[in-house]
Each structure stands twice: as C-alpha cells, then as structure tokens.
Amino acid sequence: MSSGSQYLTGDPSAIAEFIEKFDTFLFDCDGVLWSGSQSFEGTAETLEMLRNKGKRLVFVSNNSTKSREEYKKKFDSMNINCNVEEIFGSSYSAAIYISRKLRLSPPKNKVYVLGVAGIETELDSESIPHVGGTDESLRREMTGDDYEKIASGEMLDPDVGIVLTGLDFHVNYLKISLGMAYLRRGAMFLATNIDTTLPSNKTLFPGAGATSAPLIAASGKEPLALGKPSQAMMDAIEGKFKLDRKRTCMVGDRLNTDIQFGIEGGLGGTLLVLTGVSTKEDFLGGGKEVVPMAYVDKLADLASK
Ligand SMILES: O=C(O)[C@H](O)[C@H](O)COP(=O)(O)O
Ligand SMILES: [Mg+2]
C-alpha cells in the first residue's frame with residue numbers, strides 16, 4: 001500500500017518532472033552526500049547536473065563539528081564543487097541565533113560549550129565569547145578539588161549565560177558537571193542539534209543527541225535545538241538565500257530532522273535518500289507521522305539516464 005511517497009529510482013521521466021518543480025535544493029550532508037569521510041559514488045556529478053539545470057544548492061548539515069570553512073575543505077577533499085556561502089551548518093545556525101535573536105547583553109553572553117571546534121569557530125565568527133569546548137584542561141578525571149570549586153562557584157565563569165551542546169567526541173564527567181552547574185545557576189540551554197545517531201562508514205555511531213543526553217538527564221532540562229527541524233534555522237536560511245519555499249526541496253536521509261524540517265517549513269517538496277539513517281519501513285505502509293514527498297535509493301539516482 002503506497003504511503004503517498006513516490007519512489008523515483010529507475011524512472012527518468014518522473015525524476016525529470018520532480019526536479020523541474022524546484023529552483024533550490026537544500027541538501028543534507030551526512031548520509032546523503034557522504035558517509036564519514038567517504039563520498040557516495042556519483043555525488044559530485046549529480047550536484048553538477050542540478051547546477052547545470054540552473055538549480056541553486058544550499059548545504060544544510062546538523063553536524064556541528066565543522067564550521068562553514070571546514071566543511072568547504074571537506075567538500076574540496078572529495079572534489080565536490082561547492083561555494084562556502086552555500087554552506088549552512090548547525091553551529092552557524094546556533095551562533096547567529098545567539099548573536100542576532102537572543103542578543104544577550106555582554107558580559108553575560110558567554111557560552112559554555114559541550115562540543116568541538118566547529119561550534120567555537122562559528123561563535124568566534126559572531127564575536128560571541130565562549131569557554132569549555134576543546135579546552136584541553138577539561139579532558140581529565142574529576143578530582144575532589146573540582147567538586148569543591150564547582151560547588152563554591154570558584155571554577156565557574158560568572159559571565160556564562162548559555163550552555164550550548166553539540167556533537168562532542170570528548171564528553172566526560174567533569175565537563176557534564178560544569179554544564180549542570182551553569183544550568184542550575186539559570187543559564188539558557190541550547191543545542192546545535194539532537195540527532196541521536198551519526199551515520200558514518202555506512203553504519204551508525206553516537207550522535208549529538210547521545211553526547212548531550214547525560215547533561216539533559218542530570219539537569220532535567222531539554223535544550224532548544226537550533227539545527228533541523230528547527231524553524232529558526234529555516235527562517236535564517238530563507239532570509240539569507242531569499243528562498244521561494246514552494247520552489248524549494250529538502251533532500252535528506254533522516255525523517256525526524258531533514259524531512260520534518262522541510263514539511264514543517266512548508267517547502268514545495270521533500271526527498272528522502274536511503275543511504276543514511278531512515279529506512280523505507282520508517283515511512284511506507286501508512287499511518288506514519290513523517291512521510292517524504294518522494295524517495296530514491298541513493299542520490300546518484302537523480303542523474304541516472
Ligand atoms: O549527530 C549528529 O550531529 C548528526 O547525526 C549528524 O552530524 C547529522 O549531520 P547531517 O546529516 O545533518 O549532515
Ligand atoms: Mg543526514
């Protein structure tokens with residue numbers, strides 16, 4: 001029984017008709033263009049085919065580990081043509097939300113980061129002060145002295161007004177305890193994204209939602225996530241790229257981020273690619289919450305003759 005999602009693979013005329021509905025394609029990255037450091041076959045050619053048809057491409061990743069510049073290097077390393085201005089990641093989304101929406105008055109606008117360099121670089125690009133993150137002095141066991149200095153506040157920065165979590169490859173008890181202390185003192189809780197899994201090397205690893213889970217559990221608070229499916233991110237993208245939402249299609253591998261992002265954003269279309277997190281069983285057969293307009297086995301199917 002059809003779920004209302006059109007299977008395009010192997011149907012060149014249906015593919016051509018689908019592509020012609022849109023002027024802009026928002027592309028997810030992990031699980032669509034690549035898996036870890038390995039790009040899927042035909043990715044570069046498919047994106048060039050769309051550019052040659054006059055389509056505009058925007059790369060919208062929830063992966064907070066890289067800044068726009070670092071993503072540009074990853075595209076270059078895979079010989080995938082891309083302009084840094086086309087990249088819009090969750091760390092950038094969080095940084096502009098903090099600087100242009102929240103606009104906390106200094107000095108209380110400092111951010112405690114549970115994440116890695118991509119977040120720090122994008123906060124720097126918006127001149128937002130930050131602590132934690134890749135600070136090597138925090139990558140250690142917690143000591144008795146730490147308990148005392150956290151409890152007394154001596155180890156806390158009085159200017160921290162926000163705790164921001166992302167995918168953190170160096171989570172530990174000390175860093176979670178510092179995040180908890182800031183939240184208990186009233187800091188705002190934000191996340192670049194809360195994807196539970198990271199598709200890489202054609203399997204799944206813990207995602208940002210998994211590395212921030214200990215702080216969510218300990219603090220009893222849920223962060224405001226600023227990556228997909230957040231419509232704050234969609235609004236920022238619309239503003240920057242002057243989108244015509246009805247002529248825009250979101251292409252992704254994950255139903256509860258990419259496809260939900262496109263549907264809730266009122267985009268003209270959504271396309272699921274089956275090379276990442278979500279499977280056909282997750283949206284076919286009726287009664288499913290999030291159903292893409294169409295789906296393909298892999299991105300390169302869009303360029304197949
Ligand atoms: O855990 C994460 O951060 C995400 O799984 C991952 O990085 C998603 O990246 P995207 O598929 O949005 O490019
Ligand atoms: Mg993805």
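Backbone N, Cα and C define each Cβ position, glycine as well.
Per TrEMBL, the features are:
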- ASP28: active site, nucleophile (ACT_SITE)
- ASP30: active site, proton donor (ACT_SITE)
- ASP28, ASP30, ASP253: Mg(2+) binding site (BINDING)
- SER61, ASN62, ASN63, LYS228: substrate binding site (BINDING)
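Known features from TrEMBL, placed on the structure.
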residue : record                    : CB count, 10 Å
ASP28   : active site, nucleophile  : 28
ASP30   : active site, proton donor : 22
SER61   : substrate binding site    : 30
ASN62   : substrate binding site    : 34
ASN63   : substrate binding site    : 24
LYS228  : substrate binding site    : 29
ASP253  : Mg(2+) binding site       : 23
Original post:
Which binding-site residues among SER61, ASN62, ASN63, LYS228 have CB under 6 Å of ligand 2?
Top reply: none
**OP:** Looking only at C-alpha atoms, tell me how far ASP253 (Mg(2+) binding site) is from ASP28 (active site, nucleophile), rounded to the nearest Å.
**Re:** 7
**OP:** Starting from the Cβ centroid of SER61, ASN62, ASN63, LYS228, which together make up the recorded substrate site, report each further residue of the same chain whose Cβ lies within 8 Å of that point, ordered by sequence.
**Re:** ASP28, CYS29, ASP30, VAL60, SER64, GLY89, SER90, ASN193, ASP195, GLY227, THR257
Subject >> Reduced DSSP assignment, ASN63 (substrate binding site) >> reply: coil
Original post:
Three states by DSSP: which one describes the residue listed as 'active site, proton donor'?
Top reply: strand
**OP:** Report, in whole Å, the straight Cα-to-Cα distance of ASN62 (substrate binding site) from ASP28 (active site, nucleophile).
**Re:** 8
Subject >> Integer Å distance between the CA atoms belonging to LYS228 (substrate binding site) and the residue listed as 'active site, proton donor' >> reply: 13
Original post:
So how far apart do the substrate binders SER61, ASN62, ASN63, LYS228 get, largest Cα to Cα in Å?
Top reply: 10
**OP:** Show, in sequence order, which residues other than ASP28, ASP30, ASP253 on the same chain lie with their Cβ within 8 Å of the centre of the Cβ atoms of the Mg(2+) site.
**Re:** CYS29, GLY31, VAL32, LEU33, SER61, ASN62, PRO199, GLY252, ARG254, ASP258, VAL273, GLY276, VAL277
Subject >> Assigned conformation of ASP253 (Mg(2+) binding site) - DSSP reduced to three states >> reply: coil
